[in-house]
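Residues annotated as transmembrane segment in TrEMBL: A:27-46, A:78-99, A:111-132, A:139-157, A:163-186, A:215-236, A:256-285, A:297-318, A:324-343.
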Amino acid sequence: MTDQLILPGRRVVRAGPVSASVPLRPVLVTVLALAGALGVAVLAVGHGEFPIPPATVWEVLTGGGTRIERHILLNLRLPRVVCALLVGVALAIAGALTQTFARNPLASPDVLGITAGASAGAVAAIVLGGVAGSLGVPLAALVGAGISATLVYLLAWRRGLDGFRLVLIGLGIGEILRGFISWVLIRAELVDATRANIWITGSLAGRDWSHAEPLALALLVLVPLALAATIALRVLAFGAETARGLGVRLQRAQLFVVVIAAALAAVAVAAAGPIEFVAFVVPQIALRLCGGSRPPLLASAMLGALLVVGADLVAQIVVAPKELPVGLLTAMIGTPYLLWLLLRRSRKVSG
Amino acid sequence: MNARLRGEGLHLAYGDLTVIDGLDVDVHDGLVTTIIGPNGCGKSTLLKALGRLLRPTGGQVLLDGRRIDRTPTRDVARVLGVLPQSPTAPEGLTVADLVMRGRHPHQTWFRQWSRDDEDQVADALRWTDMLAYADRPVDALSGGQRQRAWISMALAQGTDLLLLDEPTTFLDLAHQIDVLDLVRRLHAEMGRTVVMVLHDLSLAARYADRLIAMKDGRIVASGAPDEVLTPALLESVFGLRAMVVPDPATGTPLVIPLPRTATSVRA
């Protein structure tokens, strides 16, 4: 047989027992997005009342700079930017996982009620106090996300998981939780309500290392697990019967993906509040940039980092010297996209 | 006759709805077996149970003497391939991507694309005449090409046994013949054991070594097509009055349905 199988746009890598066929475009997009994210990050740490040029940023990061520059950069601005990058990574991977798994671009953690659960937990902690209050806001957000994810999963389960059912149940649970949040906010003292409101819009203002460190640790565990899940994920995207025919332990694989996605969304929301639409939009942008049939995880992660750190910088610039919550900005990007997606889909269905 | 795949005392149900109650079946090695029967007789259900896509509520499916539900599903997937009825590929997936996924049961997280994977995928594409389409998105193919792409995926899996649930649904006659010729060659040139569900009786007779006729969840007859396809059986299983004549092209039984009343057809 002379004619060989040629896979355009891929590079075959083989060394000993290790082998892979690497698609080149996602690699390129990942590298460019990473470079972009780091570039914007340098601008972002330099931005503020005390501007620091990129060259000085580099000096400080490599151990130089004056004491005041070191203090401003390392203690005040860097944790916020690191938070922004990591939150973007976490949300984007969470969205890529759920969208692939549910075979539905609508199925992001925002739509599936996971982020609403986190918000409900955080608002309860801020306003109601009691048990929720003693947990602290981030932990209460984690618990809220965990409860709502479990609830959606159990209610959507019917001898297997169906993507469409998952989206509908998620929307329902999300609405109930938003109702709960409104109810709590109406009862709240003005001070608490204001604090809670800023939190549920999603903001990176005032984030320090106590926010960035646990987030970084969580991602150190969750991102490799998410990458390991891609092997099962690309077969799960074929639907239940085909996947099982190919030897996937369906229920275990589905549970694994849902748990990783929910955990990623939850740690991101616990650190920065529900920065809306990142998990929803970024994987789809990554998919369009990279081509293929499902959002690539690493490219999504880097684009997520770029979007959040960029949006946070813009949010600090547009109404300077005040600043907008970053979640407001991402929502302004995300909402038109959601409308476009819905219109395009309904047109497809109706002919 | 040896049977690597068998069902014993199978009881199959969807929730409370029992479809099959106490059925034994042997899949004879090295043959093309076709299951026929009226709508709702349980033929697809039986195929799903044989392919461990449906867990029996009673009885057991044995693959090489081991209970299939107690064998790691990955190990099963290296021996037994299943192609569900009208499977769907994710939007934008290329034919090559689809066929590559057939290697899933042979891959580990570090062994993602071995020389063997590449050869098997290339062979599967060549076999089904899909090599030239490797780069096309599956959703842009015609119905016949799409079905060939899926069969190619099942082929790349490299299994001795292959279960196909209505591989010719939604295909026009020429493409049905295309797909069935391919199935026949799988058996003749590669010695694969194939079980499929088909609706067209004459095509079933032409392309199968063995027919299994089912009605109401039971096997009514099984054997060579000319033993199974008799006017009496067609009457009792399908409620169809028909003549059976030798197919002028192949000599296999050809079913000619008779009009129910003289006025129901043009004179």
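In case you wondered, yes, glycine gets a Cβ from its N, Cα and C as well.
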If contact means at least 3 Cβ pairs within less than 8 Å, sequence distance 6 or more, would you call the transmembrane segment (A:324-343) and the transmembrane segment (A:256-285) in contact?
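Result for the transmembrane segment (A:324-343) with the transmembrane segment (A:256-285) is yes.
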Among A:27-46, A:139-157, A:297-318, which stretch has the most Cβ pairs under 8 Å to the transmembrane segment (A:215-236)?
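Against the transmembrane segment (A:215-236), the leading stretch is A:297-318.
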If we skip the immediate neighbours and take only residues 6+ beyond the ends of the transmembrane segment (A:163-186), which ones have a Cβ under 8 Å from one of its Cβ atoms?
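Residues 101-104, 106-107, 110-114, 116-117, 119-120, 123-124, 127-128, 148, 151-152, 155-156, 193, 196-197, 200 contact the transmembrane segment (A:163-186) from elsewhere in the chain.
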Six or more residues out from either end of the transmembrane segment (A:111-132), which same-chain residues have a Cβ under 8 Å from its Cβ atoms?
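Residues 94, 98, 138-149, 151-152, 166-167, 169-174, 177-178, 180-181, 184-185, 187-189, 192-193, 195-196, 199-200, 261-262, 265-266, 269-270, 273-274, 276, 279-280 contact the transmembrane segment (A:111-132) from elsewhere in the chain.
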Apart from its near flanks, which chain residues at least 6 from the ends of the transmembrane segment (A:256-285) lie with a Cβ under 8 angstroms of it?
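Residues packing against the transmembrane segment (A:256-285) from afar: 83-84, 86-88, 90-99, 101, 105-106, 108-111, 114-116, 118-119, 122, 137-139, 141-142, 145-146, 149, 153, 161, 198-204, 207, 211-212, 214-215, 218-219, 222, 225-226, 229, 232-233, 236, 295, 300, 303-304, 307-308, 325-327, 330-331, 333-335, 337-338, 341.
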